[in-house]
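What follows is a set of notes on a single structure, which appears directly below.
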């Protein structure tokens, strides 16, 4: 998925190392100038107000991000389609096809080309990390409720700070590190109180969150020069097919001939075709709406929405799937979200003081 779940977080063209979003595919592109963001709403032939357009886009962002999580959970846990690697490969193929159409036919963003073998191998490395993160995230949904999955995913800033220090020796202010304490403490409380706790599901979900953070840090290192920087939509265009190729041998070796099994299942239940196609389409919409939200608002708005999304997704999943929750579990989730907000504010203050 893609990073359901956490299609996920991710700043595909922004080399900054901090991230507070939990969406697996999703990286925050750079914020365009105000006149570009408002160009759609200022079109005299367009009858929709800019405020309405922005509201529709934000609503679409929530629907796609939460929708892909719920669809993945339904497919992998309730419907019985227990092939997370193949499902992720379908997500990648969908992202590749839709990205090609969006860039080459709809011209949402200008097409950028890969200029060297060095740049290609850098993108290949990012694709491998991306695969690991998304597959782990989708796999965790087989074993964990969406609410607990989102609580773990909210700890992305903690792993980002660790990888930034280990790989780049980048040190944050004491205030930033202190803000990470409730992030970790909250997930410890939630884990101890989770009625449906599953050790393997917990470990792969932590792996997905760490992979998302690692990709953010590595991307900031590899694609630093102006000649190699790619817009998030272009980066997805090149990463998605590479990720699908990486996943192909793994799904064949681990999951067997999934395609034949899926075709056989579709003969008895055609609804599976609708589920898979819809799921793969929504997985791409996660990335598209990430771009549109940033274009019409700002990268900061996307971060704020990401903080709220985890809580909204958790509530919606509990209402739909009726998984049991405890007061301590909800308190732990709340502490983690509070820590993420404090971390975001501390990061903004540290940037102001350094500038």
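FYI, residue positions are counted from 1 along the chain as it appears here.
Cβ atoms are placed via backbone N, Cα and C, with glycine included.
All TrEMBL annotations are machine predictions without curation.
These features come from TrEMBL:
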type	residues	note
COMPBIAS	1-12	compositional bias 'Polar residues'
DOMAIN	53-344	domain 'Sugar phosphate transporter'
REGION	1-30	region 'Disordered'
TRANSMEM	52-71	transmembrane segment
TRANSMEM	83-108	transmembrane segment
TRANSMEM	120-141	transmembrane segment
TRANSMEM	147-167	transmembrane segment
TRANSMEM	174-190	transmembrane segment
TRANSMEM	196-214	transmembrane segment
TRANSMEM	235-254	transmembrane segment
TRANSMEM	274-293	transmembrane segment
TRANSMEM	300-321	transmembrane segment
TRANSMEM	327-344	transmembrane segment
Leading stretch by Cβ pairs under 8 Å, where the reference is the transmembrane segment (196-214) and the options are 147-167, 174-190, 235-254: 147-167
Criterion met for the transmembrane segment (147-167) and the transmembrane segment (83-108) (at least three Cβ pairs under 8 Å): no
Closest-packing stretch to the transmembrane segment (300-321), where packing means Cβ pairs under 8 Å, from 52-71, 83-108, 235-254, 274-293, 327-344: 52-71
Feature contact check the transmembrane segment (52-71) with the transmembrane segment (174-190), CB under 8 Å, 3 or more pairs: no
Contact yes or no, the transmembrane segment (83-108) and the transmembrane segment (327-344), 3+ Cβ pairs under 8 Å, gap 6+: no
Cβ-Cβ under 8 Å with the transmembrane segment (327-344): same-chain residues at least 6 beyond its ends: 20, 147-148, 150-151, 154-155, 157, 176, 179-195, 303, 307, 310-311, 314
Which of 52-71, 120-141, 274-293 contacts the transmembrane segment (235-254) most, counting Cβ pairs under 8 Å: 120-141
